[in-house]
Amino acid sequence: MARTILRARRFFSLILPFFFISSVYAEQTSVPAKTVTVEAKNETFAPQHPDQYLSWKATSEQSTREDALAEDPRLVILWAGYPFSRDYNKPRGHAYAVTDVRETLRTGAPKNAEDGPLPMACWSCKSPDVARLIQKDGEDGYFHGKWARGGPEIVNALGCADCHNTASDDFAKGKPALTLSRPYAERAMETIGKPFDKASRFDQQSMVCGQCHVEYYFDGKNKAVKFPWDEGTKVEDMEKYYDAIAFSDWTNPLSKTPMLKAQHPEYETWSVGIHGKNNVTCIDCHMPKVQNAEGKLYTDHKIGNPFDNFAQTCANCHTQDKASLQKVVAERKQAIHDLKIKVEDQLVHAHFEAKAAWDAGATEAEMKPILDDIRHAQWRWDLAIASHGIHMHAPDEGLRMLGGAMDKAADARTKLVRLLGSKGITHEIPLPDISTKEKAQKAIGLNMQQINAEKQDFIKTVIPQWEDQARKNGLLSQ
């Protein structure tokens, strides 16, 4: 019976159009406090929702850390001058959201609330404490200051109040009570013509995930989170927006290119894929309905690979067996990986060739069109590869973006050959040894021994202080 209901649901979802409508960007405003305080401690809701809580807690089983820089040292060069060149791991379970942002080398080793390289905004997708602080202090109050300021406050891992209105009557009655707990996400959805309160249940399910699984940047003096969707959500649309406001995340010190760093744009890429176009939501594939020991259906909150729950996910729509579908997905993943590596090789050469051109006396006017090509090439590459599931969500779009990146990188290198030739340089520009993460980091001047030592000291001394303070203030369970 359950499968019949799911198949009927899928039939009706397939006939619903999926579209985006442009609208005017709503300016950021401070959010007045609501009457009921956001409860950030996830275990508070365990007695009322035991199956959901225990399955959410099981995301702690997804504990493996995979070092993406060690797997692909080219990334170090592409992100030279940016914290991602120090440390970049593939994602793991939601239970580790706070732990991982604390322990990554990207957040530095701040000694006090005013110290460190990154802003408060870097907490924004990690914890229901973010929603609590925005409710308490407004967005301006929350975003103000350095990342370390939030250490004693943001202590509970991504959980219940991030996605559910836990103070509502509906939630108390066992209903999902989905909500957008981040006001900036709500504004972004309105920008593309999708106000949450008017959205279908299907759309709301993916919009909730889209609070975090999106491209965003840090805007203005307060470094507030904003989604760059004013022109649309495709790679070219967001590029147009960023170029119009002359935004860059950082400047690569090798090529001196003002760069863009993509985050994790699953919402944007999913929406143009076959599943998104047919209203197959994040929930359908990553949080299926399963049965508990008493035979009662509930939503599995151990978010993970759909193939791990094949009968409850893929098999609701597909007639192929698991092995057949895994083969299709593996082939798509390999195709994207192969093109990804080819693009990276071109971009690595482009950054070093641009450095050689500067060293040979190239002018800003001569370099401007080349740097534009490098910027636009790496942006397309990054948006494609930053969405780790693009081979499943939108493989055609992934290949399209990577193909565009290859074209732009080739344009940059063609112009560089001509420019270098005009400076009397006709030999191939040599690359340093970047065959390992360590060698690549040395090539861009990182003192990893010092960086790692400082981080370990921070983990041993500062984080325990944060947790002690949080417990004293009642923000963590004892």
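Going from the start of the chain as shown, residues are counted 1 onward.
Note that Cβ sites are derived from N, Cα and C of the backbone, with glycine treated the same way.
Annotation source Swiss-Prot lists signal peptide at 1-26, citing sequence analysis.
In three-state terms derived from DSSP, K126 (heme binding site) belongs to neither a helical nor a strand segment and is classed as coil. Residue environment of K126 (heme binding site) contains 24 other Cβ atoms, counted within 10 Å of its Cβ in all protein chains. Per Swiss-Prot, the feature heme binding site maps to C122, C125, K126; the stated evidence is sequence analysis.
Residues or ranges marked as heme c 5 binding site by Swiss-Prot: H275, C314, C317, H318. Every protein chain shown contributes to the tally, and the Cβ of H275 (heme c 5 binding site) ends up with 19 other Cβ atoms within 10 Å. When secondary structure is read from DSSP and collapsed to three states, H275 (heme c 5 binding site) falls in the helix class.
Of all Cβ atoms in the protein chains displayed, 24 besides its own lie within 10 Å of the Cβ of C285 (heme c 4 binding site). For C282, C285, H286, H393, the entry in Swiss-Prot reads heme c 4 binding site.
Here the candidates are the binding-site residues C122, K126, C314, and by Cα distance the one nearest C285 (heme c 4 binding site) turns out to be C314. Each of V280, C285, T313, A315, N316, L325 belongs to the same chain as H275, C314, C317, H318, is absent from that list, and has a C-beta within 8 angstroms of the C-beta centroid marking the heme c 5 site. Looking at H275 (heme c 5 binding site) and H393 (heme c 4 binding site), their Cα atoms lie 7 Å from each other. Cβ neighbour counts within 10 Å, taken over all protein chains shown, single out H393 as the most crowded of the binding-site residues H286, H318, H393. Proximity of C282 (heme c 4 binding site) to non-local residues of its own chain (separation of 6 or more, Cβ distance below 8 Å) is seen for Q205, S206, C209, H213, E266, W270, given in sequence order. Taking only the Cα positions, the spacing between K126 (heme binding site) and C314 (heme c 5 binding site) is 29 angstrom. Fewest Cβ neighbours within 10 Å among the binding-site residues C122, C125, C314, C317: this applies to C317.
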